[in-house]
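Enquirer: So TrEMBL has the following annotated:
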- 30-47: transmembrane segment (TRANSMEM)
- 67-86: transmembrane segment (TRANSMEM)
- 91-112: transmembrane segment (TRANSMEM)
- 212-231: transmembrane segment (TRANSMEM)
- 267-288: transmembrane segment (TRANSMEM)
- 294-317: transmembrane segment (TRANSMEM)
- 329-352: transmembrane segment (TRANSMEM)
- 364-391: transmembrane segment (TRANSMEM)
- 403-421: transmembrane segment (TRANSMEM)
- 427-448: transmembrane segment (TRANSMEM)
Amino acid sequence: MESVDSRDEETPLVVDSLQIRTPKNNTRDIHILSAAFLLIFLSYGAAQNLQSTVNTKDNLGTISLGILYTSFTFFSLFASLVVRILGSKNALILGTSGYWLFVAANLAPSWYTMVPTSAYLGFTASIIWVGEGTYLTATARNHAIDHKLHEVTVIGNFNGEFWAVFALHQFVGNLITLAVLRDGSVCVALVVKFDLFSDIAQHGGSTSGTTLLFILFLTIMTLGTVLMYFLSKEDGKGEKELADSSINFYSYVMSLSKSIITPLFDIRMILIIPLIAYSGLQQAFVWAEFTKEIVTPALGVSGVGGSMAVYGAFDAICSLVAGRLTSGLSSITFIVSGGAFAQAVVLLWLLLKYSLTSGVLGVLYPLLMAALLGIGDGVLNTQLSALIGILFKHDTEGAFAQLKVWQCASIAIVFFIYPYISLQAMLIVMLVGICVSMVGFLSLTILVEKTFCSRSS
């Protein structure tokens, strides 16, 4: 009897210990990640927009951005290996340092400060974005497992929240810039262009005003970096193995080669690369061509901030909605097709029908185009991240590295060639890009569905 009683007494202890283990709520980490990126990029985005108007001497701002995106493209090839060695959380924290130094360099801009920090920012940008995609996807999977939820839905929801908050950086950053630099020509700084308004900038905001703005941005970015430290430590599965193998030079080279080359032999990656490249192309088009050729002639320089705010607002709303609607490959296909159609409407409108008008329509048209372009960008950001997280589970870092390589390469190309290409030629390139990318994407969905059906049978 005593043994039976003792067993009865011990049983509740086992039950209690099991009851203590409750599933972790990973949404907290997504809230922190989203807020941190908003703080960092509202500062960096506005500082980037200032380059062509503040650092005009010898085209310093223009060349710095060109170096930045070239470096970004190059280091994205190696970013997946760096993230594996550091871990995604450490990569996120280290990645913030480049953005902070770039903004700090603007307090004393020169060839000796801007060029090195731009090159370094290219490196840190590559690892922060690969780290973001890896961390968010792993967090979403853990949340789905812990709470017995559909993995694809959770990945879509988490990406939707992140990109919705991130998209607000254009809106908030523009408002801060306007609040600090109050004279009428400050809106020039809201445009991402090269050498377009250098003569206006010479009579623009005061040095003290821009100095105050950059100091404010550094403070905001510091808060964003601090937030990164509150992220939960990601699971270290596989990281120790890679770190150990990196001691051996041969293993290190093989791991690097595998990280860079292996994804390019995956037919799924080949089919999605055109859509990735187009996502970068359309962003650069908005920053470089749309604001210069469409918004400024219709609304003036002071209207650029408003159009970019509309763009950012619709980008954020669409990111959130698209993320909530993501439930599988079929939903991703439908959402991406809708976003591509919205942007195709704008491109065809500009190529075939649009002409500068006065009155209410002259103001409304550019804002409507900005909204449609923002919708397309929100769709591509959320759905590409979700799609890569779903399809490339066994090499998330490598897949997200490919995402940034092709995005940044297309952005860099536009920045370098846009002074020498007409708006009509750029619109044709964009339309061809949409067609090619959608053919590849729809082929991908057919391939994946066939593979799934064959395995099911």
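Heads up, the Cβ atoms here are built off N, Cα and C, so glycines get one too.
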Enquirer: Which sequence positions outside the transmembrane segment (91-112), separated from its termini by at least 6 residues, show Cβ-Cβ distances below 8 Å to it?
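Expert: Residues packing against the transmembrane segment (91-112) from afar: 33, 36, 40-41, 43-44, 47, 50, 54-55, 58, 60-61, 68, 82-83, 118, 120-125, 127-132, 134-135, 210-211, 214-215, 217-218, 221-222, 224-225, 228-229, 231.
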Enquirer: Are there residues at least six beyond either end of the transmembrane segment (212-231) with Cβ under 8 Å to its Cβ atoms? List them, or say none.
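Expert: For the transmembrane segment (212-231), the sequence-distant neighbours (Cβ-Cβ under 8 Å, at least 6 residues beyond its ends) are 29, 32-33, 35-40, 42-44, 46-47, 50, 89, 92-93, 96-97, 99-100, 103-104, 106-107, 135, 176-177, 180-181.
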Enquirer: Ranking 30-47, 67-86, 267-288, 427-448 by the number of C-beta pairs under 8 Å to the transmembrane segment (329-352), which range is first?
Expert: 427-448
